[in-house]
Amino acid sequence: MANLSRVLALCAAAVTLASAATHYEYKTIDVDYNFDENEDSPRSVIMMIPDGTGPNIFTLARTVLDPTLETRLHIDPHLMGTVQTHSSTSYITDSASSATAYSTGYKTYDSAIAVDTYEQPLGTVLEAAKARGMVTGMIVTCRVTHATPASFAAHVLDRDSEDDIAAQYVANKKLDFLLGGGKKHFNDSMFEDLKSNGYTLANNYQDLLDYQSANADTGALRLFGLFNDDHMLYEVDRLRELAGNNSTAREPSLPEMVDIVLGLLRKNEQAKKHGYFVMIEGSRVDHAGHSNDPGTMAKEAIAFDESVAVVLDHVEQTPNTAMLSAADHGTGGITLGRGPAFPYAWYPTELQLQNMSTEAMQEQLEVVLEGSDCATGANDTCKAALLSSSKNLLANYTNVTTVSDEEVVELVTEIATAVDETRDLNNVMIELARDQSASCYRLDHHWSRRHGCEPVLQGSDDL
């Protein structure tokens with residue numbers, strides 16, 4: 001139990017979220033680092049955060065994965081309790097203040113990145129692990145400078161200061177590895193700095209495979225992988241592109257990134273001796289929730305669960321590792337089913353067939369809006385082009401084939417005259433795809449409720 005208490009102390013920033021102190025009641029987290037290095041005791045932590053993933057979204061993922069409900073998610077057996085997430089300024093938190101609570105143990109204001117309500121920096125669990133001599137790193141599918149990862153390894157007053165966050169990553173060298181998107185926030189000087197300090201830069205899955213092969217014996221980890229200028233692709237779009245071009249010169253999936261890093265950690269001598277702290281985020285469930293895109297959201301949650309399976313297998317192989325998974329907030333407020341009476345309509349197989357995100361569909365429609373047919377505005381030629389493109393996208397990528405011309409024309413008319421064209425373009429595709437599956441969204445932003453907490457420690461029932 002003493003050893004278990006020590007690893008829980010290292011996890012304290014996460015598990016004290018619900019009771020984290022306000023600015024007038026700071027609590028001290030006393031971490032005993034003086035445990036026996038040679039003892040086979042729990043001392044490594046993998047923190048997993050499914051961003052924006054309330055329990056309803058895992059229900060969505062479960063039904064889309066297997067509409068018969070005979071297949072469980074890998075995370076299902078490990079639900080032990082719940083966490084109540086809120087910031088110091090709002091009952092409904094954003095990702096920055098929520099991640100700061102997880103990483104530091106303190107409540108703070110929305111948009112704060114590892115700073116307190118007085119705008120003073122707070123030490124994070126990742127920084128404490130690095131000071132302890134542990135291997136540290138993060139794997140995400142958003143920009144690596146986005147709110148959740150930033151809250152573990154940077155300190156800024158506002159989450160939008162992403163260039164500053166990138167500069168801190170490079171200058172402070174707290175991370176042994178960092179994988180995700182967001183290349184646009186790094187410049188050539190930063191990349192040269194990283195290379196001069198021994199980091200390998202990876203741009204695609206093949207680069208990761210090459211790094212894995214070159215370091216298979218030692219498990220060395222000095223790696224920055226930035227696979228997209230912005231966020232990494234939604235899983236549904238990554239899979240569609242993979243089906244069209246089965247090349248390794250592509251973005252890796254979240255499970256692929258996790259599998260490669262954990263395989264190297266099992267060989268890494270520093271990790272064996274001192275342990276490691278890894279933060280893994282399924283980042284884009286949240287983004288699909290903001291877009292109210294149920295098919296994309298389900299596939300993001302399933303990809304996160306596949307990453308959980310990789311971590312669980314790793315924990316089986318390395319019994320001194322604890323895994324803890326907890327969401328930061330919900331997004332979108334999706335409900336399943338429609339109708340005035342039982343049996344309610346719900347068609348998850350329609351979402352299984354969706355193989356393009358509404359974000360990607362929006363980009364296709366933007367091409368039409370910017371083309372010659374719409375050069376003079378919302379004329380009949382423009383509307384006809386949008387109508388044709390919309391129906392083709394829905395039929396080819398969502399299985400929506402029953403939509404009438406009148407339904408699309410009404411929405412297309414709104415698109416062509418809207419100031420916020422891209423938002424309305426997304427709404428067109430979303431409304432039609434949601435109707436096909438009989439799913440409903442109540443919001444396009446965050447929402448609050450208690451979220452599941454799933455801790456796993458091999459060989460112990462106490463965690």
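Positions of Cβ are set from backbone N, Cα and C atoms, glycine also.
It should be emphasised that the depicted structure is a prediction, and the values quoted were computed from it without experimental measurement.
Marked as signal peptide by TrEMBL: 1-20. Feature annotation from TrEMBL assigns Zn(2+) binding site to Asp51, Asp286, His290, Asp328, His329. For Asp51, His146, Thr148, Glu281, the entry in TrEMBL reads Mg(2+) binding site. Here TrEMBL flags Ser95 as active site, phosphoserine intermediate.
Everything TrEMBL records as a feature, shown here on the structure.
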residue: Asp51; record: Zn(2+) binding site; CB count, 10 Å: 27
residue: Ser95; record: active site, phosphoserine intermediate; CB count, 10 Å: 29
residue: His146; record: Mg(2+) binding site; CB count, 10 Å: 27
residue: Thr148; record: Mg(2+) binding site; CB count, 10 Å: 27
residue: Glu281; record: Mg(2+) binding site; CB count, 10 Å: 30
residue: Asp286; record: Zn(2+) binding site; CB count, 10 Å: 30
residue: His290; record: Zn(2+) binding site; CB count, 10 Å: 18
residue: Asp328; record: Zn(2+) binding site; CB count, 10 Å: 29
residue: His329; record: Zn(2+) binding site; CB count, 10 Å: 25
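When the binding-site residues His146, Thr148, Glu281 are screened for a Cα within 10 A of the Cα of Asp51 (Zn(2+) binding site), the ones that qualify are Thr148, Glu281.
Here Asp286 (Zn(2+) binding site) is positioned 11 angstrom away from Thr148 (Mg(2+) binding site), judged by their C-alpha atoms. Sitting within 8 Å of the Cβ centre of Asp51, His146, Thr148, Glu281, and not among those site residues for Mg(2+), are the Cβ atoms of Ile49, Ser95, Ala99, Val140, Cys142, Ala147, Pro149, Ser283, Asp286, Asp328. Ranked by Cα separation from His329 (Zn(2+) binding site), the recorded positions Ser95, His146, Glu281 are led by Ser95.
The Cα atom of Asp328 (Zn(2+) binding site) lies nearest to that of Ser95, taking the recorded positions Ser95, His146, Glu281 as the candidates.
Counting in whole angstrom, Glu281 (Mg(2+) binding site) lies 11 from Ser95 (active site, phosphoserine intermediate) by their C-alpha atoms. Considering only the recorded positions Ser95, Asp286, His290, the residues lying within 10 A of His146 (Mg(2+) binding site) on a C-alpha to C-alpha basis are Ser95.
Reported as a whole number, the C-alpha separation between Asp286 (Zn(2+) binding site) and Ser95 (active site, phosphoserine intermediate) equals 10 Å. When the alpha carbons of Ser95 (active site, phosphoserine intermediate) and His290 (Zn(2+) binding site) are compared, the span between them is 13 angstrom.
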